[in-house]
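A short worksheet on the structure shown next.
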Amino acid sequence: ISLVFFFHSSVSHRFIAKPCALGLKVQANGPQKAQPNAILEKVFTAITKHPDEKRLEGLSKQLDWDVRSIQRWFRQRRNQEKPSTLTKFCESMWRFTFYLYIFTYGVRFLKKTPWLWNTRQCWNGYPYQPLMPDLHYYYIVELSFYWSLMFSQFIDIKRKDFGIMFTHHIVTVTLITFSYVTNLTRVGTLTLCLHDAADVVLEAAKMANYCKCQKLSDLLFLTFAIIFIVSRLGIYPLWILNTTLFELYEALGNFPALWVFNVLLVILQILHCFWSYLIIKAAYKAISKGKVAKDDRSDIESSSDEEETVPRSKTPHSTITTNGTGGANGTNGYLTGGTCSEEH
């Protein structure tokens, strides 16, 4: 089923999300590309993408450029490998569609169950609780989706919290699998539905941002922040952790699976606290500055430079060279030209 999600994601990107994005006039172009340069390209691909001060000074002497221009070139070259806004919109639209569907399905399923209204019902008759077809389907679809996320994160948009997200996916897959095997599925359905609620709004906020609907994006982000903090820092510990740490122990006593399950749930809560810190910080900036700040997990490197992006030679009179190592004055393939604004 995870392979089906991969295939469906690809089809959705090409035939559904992309036409929608183009209809909403989402930009298809990616970050500004660095000017071709053989020497810098060789350093970038074979040695380092983040040259230190000593290497920058060496390149500055070799190419007869100032250090700041070389730093700008490496920054643009790193950003060049990042996806376009169109690609990011398609990814968010696919996730939004899934989260909306599975959250709706979870709510419709759980409102008919007794354990939604009384969490002690999660443990009645345990471990001899029947596995209902609807519950089985809910679990298999959620598990398959998170397996697909764990694999696709290596080819999807990479952000600064890649390690945290990877840990989250491992904990989530382990939790779903472990609760399924030990038949702790009733409380598992509550946990899954609770987590999906905030994710729907988050992906909607991202799509609005990519469409440059700033006011709508700000509103959705603040809505997401409220839902996330209330659900992950309020309802989750008071509802989920309370029943697994205390009500489960009171009903069934001590057994090994109880501790493994609770350790995984507590790790998940630690991740909630980390993300809540980032969200509160972004929400504070949104309120104080009047708009949502740039995502702290941004996949595009920012720059405070407001100067031209074309590197400037230390000898301004030299304008034309060959794109190799044999340029007349060592500038290696750059044409000095007009200026353009740096992409942030």
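Here the Cβ of each residue, glycine as well, is placed from N, Cα and C on the backbone.
Note that this is a predicted model, so its numbers are computed, not measured.
Among the features that TrEMBL reports, domain 'Homeobox' is placed at 40-84.
Here the DNA-binding region (42-85) has a mean pLDDT of 85 out of 100. Among the features that TrEMBL reports, DNA-binding region is placed at 42-85.
According to TrEMBL, the domain 'TLC' annotation covers 87-288.
Positions annotated as transmembrane segment by TrEMBL: 92-110 (among others).
The transmembrane segment annotation in TrEMBL covers 136-155 (among others).
Summarising the annotation, TrEMBL assigns transmembrane segment to 219-239 (among others).
Taken from TrEMBL, the feature transmembrane segment covers 259-280 (among others).
Annotated region 'Disordered' per TrEMBL: 298-344, in sequence order.
Annotation source TrEMBL lists compositional bias 'Low complexity' at 331-344.
Each residue in the DNA-binding region (42-85) gets a DSSP state, and the totals come to 31 helix, 1 strand, 12 coil.
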